[in-house]
Structures are given as structure tokens and as C-alpha cells.
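*Asks:* One structure, as C-alpha cells, below. Some questions next.
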Amino acid sequence: MGSKIVQVFLMLALFATSALAQAPAPTPTATPPPATPPPVATPPPVATPPPAATPAPATPPPAATPAPATTPPSVAPSPADVPTASPPAPEGPTVSPSSAPGPSDASPAPSAAFSNKAFFAGTAFAAIMYAAVLA
């Protein structure tokens with residue numbers, strides 16, 4: 001029972017240091033910009049007289065354009081006149097469901113490297129130290 005309590009304590013310590021390491025930094029306070037003096041009123045610019053008007057050049061009237069010729073509306077083909085196409089045949093070899101490879105019976109043995117309690121404790125301790133350095 002004692003080793004389980006130590007493991008729980010280490011995990012809680014890891015979570016606490018991780019939470020402290022990821023806490024947001026305090027936001028910097030914004031300093032107001034220095035006050036600027038109000039703009040000085042400038043006198044309005046002196047109005048200049050408009051330039052003398054020049055007479056517009058005379059343009060000839062546009063020539064009359066002939067009206068476009070109308071064409072009779074075309075007749076749409078009936079559905080009976082449209083040929084129907086057959087769907088394309090599939091290309092390449094066909095694979096039947098029975099020839100699909102099944103799951104292999106021989107599965108690799110699980111690794112025993114991560115089941116060692118000393119490895120778990122060492123990893124937790126290293127993580128705690130890493131989080132403490134970052135905090």
C-alpha cells in the first residue's frame with residue numbers, strides 16, 4: 001500500500017509542477033501615451049478663380065445602325081433521340097473479399113521495459129525536476 005501512495009504523491013506533484021509551469025504570466029500594464037497638444041487652427045486657403053471656359057468641340061451625330069436579324073428558335077431533341085451510354089467497365093484485376101489478407105495470428109510480445117516500477121518512479125522524478133526548472 002505504501003508504494004501506491006508514493007506513486008500517487010509523485011503523480012500529483014508532477015501535475016502540480018506542470019500546472020505551475022504552464023500558468024500564464026501576469027499581463028503588463030499599459031502606460032498611457034503622453035498627451036499631445038491640440039492642433040493649431042490654420043487659416044483656410046485663398047480661393048482661386050476658376051479657369052476660363054473653353055467651347056466644347058462639335059461632334060457629328062452617330063450613324064444609324066441596322067436592326068439585327070431575328071432567327072427562328074431551334075427545336076430541342078426529344079429524349080427518344082438521345083442515345084444512352086452504358087457504364088464503363090472496371091479496369092484492372094478485381095479483388096474478392098475472400099482473398100483479402102486477414103489479421104495475423106502471431107502478435108509481438110509486449111515490451112516489459114515500461115512495467116518496471118523503478119523506471120516509472122525515475123521518469124516521474126525526472127519530469128518533476130524538468131518542470132521545476134522550467135517554472
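The backbone N, Cα and C atoms fix where each Cβ goes, and this holds for glycine too.
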*Asks:* So one of Pro39, Pro73, Pro90 should carry the feature 4-hydroxyproline according to Swiss-Prot; which one?
*Replies:* Pro39
*Asks:* Looking at Pro38, Pro44, which residue has the 4-hydroxyproline feature per Swiss-Prot?
*Replies:* Pro38
*Asks:* Write down the residue from Pro37, Pro49 that Swiss-Prot flags as 4-hydroxyproline.
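*Replies:* Comparing Pro37, Pro49 with the record, Swiss-Prot tags Pro37 as 4-hydroxyproline.
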*Asks:* So which of Pro28, Pro83, Pro88, Pro103 shows up as 4-hydroxyproline in Swiss-Prot?
*Replies:* Pro28
*Asks:* Distance between Pro34 (O-linked glycosylation site) and Pro28 (O-linked glycosylation site) at the Cα atoms, whole Å?
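*Replies:* Pair distance, Cα basis, whole Å: 18 Å.
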*Asks:* Between the Cα atoms of Gln22 (pyrrolidone carboxylic acid) and Pro28 (O-linked glycosylation site), what distance do you get, rounded to the nearest Å?
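*Replies:* Between the alpha carbons of Gln22 (pyrrolidone carboxylic acid) and Pro28 (O-linked glycosylation site) there are 18 Å.
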*Asks:* Measuring CA to CA, name the entry from the glycosylation sites Pro24, Pro26, Pro28 that ends up nearest Pro39 (O-linked glycosylation site).
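*Replies:* So, spelling it out, the nearest of the glycosylation sites is Pro28.
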